Every structure is written in structure tokens, then in C-alpha cells.
């Protein structure tokens, strides 16, 4: 495990000792090397976990998320270059240090073996994200967004700490590998209802569950590009990862408690998809589409069948790459037109044909076109939900239609139509941006050929 943690820590002195001309080259190249070494984690067997030490372990659930985390740092650095070109050298270095520390915390969160360590690192990811949003965001509303983000996350996760201390006192251990064998069945009593809520609420706020999702569009819209990318791609997946890990302790209580949350998610999935159709702001649309995709994951995790677990993990990875790519595309529009309003960016296909190709690919993966892994994840979730209750197929079908509608609406609004007069003098697409998009879409296309490596521990 240290072969990922120590190089990540050494990125910080590398950044601070680099000259102004070399700072982006050094940090991006080194982080790309780290992300390529992370591919070695694919080399493990499906049914056992790699116990690195008494502190860290990884199994086939955390491995894809780990690789996604490490893959994202060079992409965030590539995407932020234009955004930071006006800043002075110290601020650039500070920004890169924030991204590196965020990656460090995330790697340790996904591999932590003790639940308390997991909780501490889960909270630690809040700090760099908050600094990135409130310091480098675009508008002054970023402070409001940061406050929402901070208080939703903190209020959600304080009960989790109390619940973990209670579990530590009753069971005697918070080790993931021990808990599988030591855990007592949780029967339904009032105290256990509150324990279940305390354990799940932190992750449901993070996912986010419909109704607790208000911080997400604000944070996404106000964050700089790197903040949006890491928030959509990895920080939302922390909620899903935590839920998959902690449902182990809460059986058979989940069978009784899951109903209202499944209903809320199925309803919220349709509602947020419909909200997407009425958005004028490009980033806000992508943020709401994230809520609707994550609602599927919540439903899948709460149903607790092997198929739904596989669907949830596949959908999390697919959505991480897709939404990150969409945010990059929205940012490349924003850098040229200086506005996130979709109406002001019409007809870009005639000016930037290669960018239009990336937009098409990203929109199609977002609406879960076969044979992408987005579709594989969604199909697994839909089938397992259908076998749980037949009536859900109506809601799922409506959701798929609306998802296709808003994805194509986003594509048509930005690419087609007669272009407005103020975009006659925009710059062409850079090699940096094309490399960035291809590094997002290549993993998606390659995973299409071999999706079993992201289907989680139950495959």
C-alpha cells in the first residue's frame, strides 16, 4: 500500500521545488506514473482481499475506486492549467498541494481496515475540498456553497461517530475483517432504528439521497474544474463505498428500514431527472444528473442482492468517469465563452468539430448507450429492483427515457443551432483538452471490453 501513499506524499515536495515553467509538467507526469502503477492492483483474485498490513487492505470493491482516484489526479491537473494561469506561483503550488492531499486522504479512506480510521479520513477529505471550492471558485456564491457543503456533511456524519463508538463497545472491534465473523444480528427495536439511521445518514448525505442533495448542485456549480471533477468522480462514491461496507453490520435491520429510503430514491431519481430538463446552467444540469444516477446506486445497495451490488459498483465507476468528462467539457466551453448558460454557447459544432465529437461520446455514455458499462450497471440495478418489486419497472423506464432526453438536450443546446455573434473569436481546442477527454473516454471504452473487473466482490 505504501507504494501508492509514499509517491503521493512525495508529490508535494516535487511541486514546491519545481520552477514556474516546469510545475505542471512535473506534477502531471509524476501523478500519471502513480496512476499507472495503480493498475497493478487489478492483478488480484476475485474472492480474497489483499491485506497489506493491520491498517490497510483492499478487495475487489475498493480496488476499482482506488484506481479511479489515482487516475483522476493527473486529469485534474491537466484541466486546471488554464484556470490557474492568472495566479502567482505560490498559489498554483498551494492548489496542487490541496489536490495531492485530497488524493492521499482518498487512497487511505478506500483502503482503511478500521472503521474509525475510515471515519477520520472520510471527514478529512472535507478540508481540501472545502478550501478548493471557497478559495478558487468563480463567483462570490462559492462561500455560500462551501457553508452548505460543510454543514450538510458534518451534521450527517456526527451521528455515525456515535454509532461507531457504540458498535466498538458492544462488538469489541471495528475491523472490517473481524466484523464479518463477530457481528451480532441487529433486530428491530427503537434503539437499533436510531443506530441504523446514524450509520446510514452520513453516507446518504454524501451520496446524496434526494432531499439531502441541496449542497451538491451548489458545490458543483461554484467549484473550480478540479473541484467539480473530484467531487463528482470520487467524493460521491465515498458514500456508496461506505454504505456497501456498513450494511454488513446492520442485517437484518436493513430489510425493515430500507423501504422509505428506496421509495424516496426512486421518486428522487425521476424528480432530479426532470429538474435537469429545466436547467439553463450547464454545470447545474450535470450536477443534478449525478443525483439521479446516484439514486439508482442507493436503491441497489439497499436491496442487498448480489446482482444489485454488482450493478452499484459498476454504475459508480462508470458515472465517475462520465460525469468528470462532462464537467471537463463544460469547463472548456466556459473558458471560451465565460458563461455557463447554455443558450450563449449554441452552434459550437461548426467551430470546434473535435470537441463536438467528445460531447457526443460523453452524452451517449451518460444516457447509458449499449454496450457501455453505464448500461451494464443500470441493467443490473433495474433487473434486481424488478425482482424486488415489479412495479418499479415503470419508474425505472420513465427515468431512462428522461435521462436520454436531458442528455440529448444538453448535446443539442451546446453543439447545434445557429451560433451567437459573440463567439466569433474563440480559441481552437488545445491538445491538452483533447488528451484530457481521451483519457476519460478510453477507460470507459476499455472497461466495456472487460467489465468484470469493476463488478465488485460478489462477482
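Each Cβ is built from the backbone N, Cα and C atoms, and glycine gets one as well.
The transmembrane segment feature in Swiss-Prot is assigned to 22-42 (among others).
Residues or ranges marked as transmembrane segment by Swiss-Prot on the basis of sequence analysis: 60-80 (among others).
The transmembrane segment annotation in Swiss-Prot covers 116-138 (among others) and rests on sequence analysis.
Here Swiss-Prot flags 147-167 (among others) as transmembrane segment.
The feature transmembrane segment is assigned by Swiss-Prot to 196-216 (among others).
Annotated transmembrane segment per Swiss-Prot: 224-244 (among others), in sequence order, evidence recorded as sequence analysis.
Per Swiss-Prot, the feature transmembrane segment maps to 256-276 (among others).
Residues or ranges marked as transmembrane segment by Swiss-Prot: 284-303 (among others).
If you look up Swiss-Prot, you'll see 308-330 (among others) marked as transmembrane segment. Among residues of the same chain six or more beyond the transmembrane segment (308-330), those with a C-beta under 8 A of the stretch's C-beta atoms are 61, 64-65, 68, 72, 75, 79, 220, 225, 228-229, 232-234, 236-237, 240-241, 244, 282-283, 286, 289-290, 293-294, 296-297, 299-301, 340, 355, 358-359, 362-363, 365-366, 372-374, 376-385, 433, 436-437, 440-441, 443-444, 447, 451, 454-459.
The transmembrane segment annotation in Swiss-Prot covers 351-371 (among others).
The feature transmembrane segment is assigned by Swiss-Prot to 393-413 (among others).
Annotation comment: Swiss-Prot describes 435-455 (among others) as transmembrane segment, evidence class sequence analysis.
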Please report, as numbers and ranges, the same-chain residues at least 6 past the borders of the transmembrane segment (22-42) whose CB is under 8 Å from any CB of it.
3-4, 7-8, 11, 14-15, 50, 58, 63, 66-67, 70-71, 73-74, 77-78, 81, 89, 92-93, 96, 100, 103, 453
Under 8 Å, at least three CB pairs between the transmembrane segment (224-244) and the transmembrane segment (435-455) (pairs 6 or more apart)?
no
For the transmembrane segment (393-413), could you work out the same-chain residues 6 or more beyond its ends whose Cβ comes under 8 Å from its Cβ atoms?
266-267, 269-270, 273-274, 276-277, 282, 285-286, 289, 292, 296, 342-343, 345-346, 359-360, 363-364, 366-368, 378, 381-382, 385-386
Of 60-80, 116-138, 147-167, 196-216, 284-303, whichever stretch has the most CB pairs under 8 A to the transmembrane segment (435-455):
60-80
Apart from its near flanks, which chain residues at least 6 from the ends of the transmembrane segment (196-216) lie with a Cβ under 8 angstroms of it?
122, 145, 148-149, 152-153, 155-157, 159-160, 162-164, 186, 231, 235-236, 238-240, 242-243, 246, 249-250, 253-254, 257, 261, 264-265, 267-269, 271-272, 287, 290-291, 294-295, 297-298
Intrachain neighbours beyond the transmembrane segment (284-303), with Cβ under 8 angstroms and 6 or more residues off its ends:
204, 207-210, 213, 216-217, 220-221, 232, 236, 239-240, 243-244, 247, 254, 258, 261-262, 265-266, 268-270, 272-273, 275-276, 309, 311-312, 315-316, 319, 323, 326-327, 330, 340, 342, 366, 377-378, 380-381, 384-385, 388, 399, 403, 406-407, 410
